[in-house]
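Engineer: I have a structure here, written as structure tokens, and I will follow up with some questions on it.
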Amino acid sequence: MTADRCVLWHFGAQRVHTRAANSLNLVWACLDSAPRPPHYERNKLMEPAHMAAKEEKTSGNAIVETIKTIVYALLIAGVFRTLFFQPFWIPSGSMKETLLVGDFLFVNKMAYGYSYASCPSIIMPRFGINIDAKNICGFLDGDNTRILGGEPERGDVIVFRHPVSGRDYIKRLIGLPGDTVQMRDSIVYINGVEAPQEPAGNFVEVMEPQGPEGRRPRCSNGPVGDGGDCLKARAIETLPNGVSHTVLDIGPQASDRTGVYTVPAGHYFFIGDNRDNSADSRLARQVRGVGFVPYENLIGRADRVMFSSAGRSMLFFWTWRGDRFFKRVE
């Protein structure tokens, strides 16, 4: 059927049939049967390949954009973590009852300025990656080198980098540069002055595995079976500057009586609130303690607990401790 006949057929159909739908159907039938340009069939055969190439290009662009988005997000998160706030999970009970296993907090990194320890270490054993913070922020590595440095105060709860292992610890600062610190029968003496303790009953917790590492607490009331009450003597300690906080005592041990420590210039003396379950400045680094901590190793101040979970995973919502959400660290 030629194009001329189609046109005549179309108009003839319009005179016979008044419905627009019938007329349109005839037009489409004519157009479909009309002669095609020589290149029509070739273009029609090439169309699927062209569309496939276009889809492949679009898919490739989407992958590139996704990768760029992830990289930008990581860069923003890295800057935020380095300059402002660093997330920190409490893995052990050395700071009970101030901080419990499973507490999640943001460390204020603006409090004491910035040093090499402000940069994160990138440790991914599975991929053979072990990049120390000094390799990232080496320009800040030196004798107590800090930018916009601020002085910590006695009684601050601080996250710092262990001088030897490079791991991050959280303890309470009690000794400033030049101070003398000593333990006498579980009582702290700073510059020869007692930090008095007022008894405040017992700290009670359930004997069970705690946190992702599944550690069980130590108790002052002897061996306790799973599900039983684990007790520790509780007291309120007041430091020379008037800062008060809770400390726990399990029982007599060697670290309750020490010699006199003299804190060197540019260093600090840290101790855990759970006195009998803390590796801190009372112990030398050679025996898995932390010794005196250099100023440049301070990372930031713990100001507030943001979230807390008593379970092995934060996804176990039935183990969340809602009463600790947004709790101020004192």
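Placement of Cβ uses the backbone N, Cα and C atoms for every residue, glycine included.
TrEMBL entries are annotated by machine, without manual review.
Copying in the features that TrEMBL gives for the protein in this structure:
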- SER94: active site (ACT_SITE)
- LYS171: active site (ACT_SITE)
- 64-305: domain 'Peptidase S26' (DOMAIN)
Engineer: Expressed to the nearest Å, what is the distance separating LYS171 (active site) and SER94 (active site) at their Cα atoms?
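Structural biologist: Cα to Cα, LYS171 (active site) and SER94 (active site) are separated by 8 Å.
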Engineer: How many other Cβ atoms sit within 10 Å of the Cβ of SER94 (active site)?
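Structural biologist: Other Cβ atoms found within 10 Å: 23.
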Engineer: Among all protein chains shown, how many Cβ atoms are found within 10 Å of the Cβ of LYS171 (active site), not counting that one?
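Structural biologist: For LYS171 (active site), the count of other Cβ atoms within 10 Å is 25.
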Engineer: For the domain 'Peptidase S26' (64-305), would you mind checking the mean pLDDT of the predicted model?
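Structural biologist: Here the mean pLDDT over the domain 'Peptidase S26' (64-305) amounts to 89.
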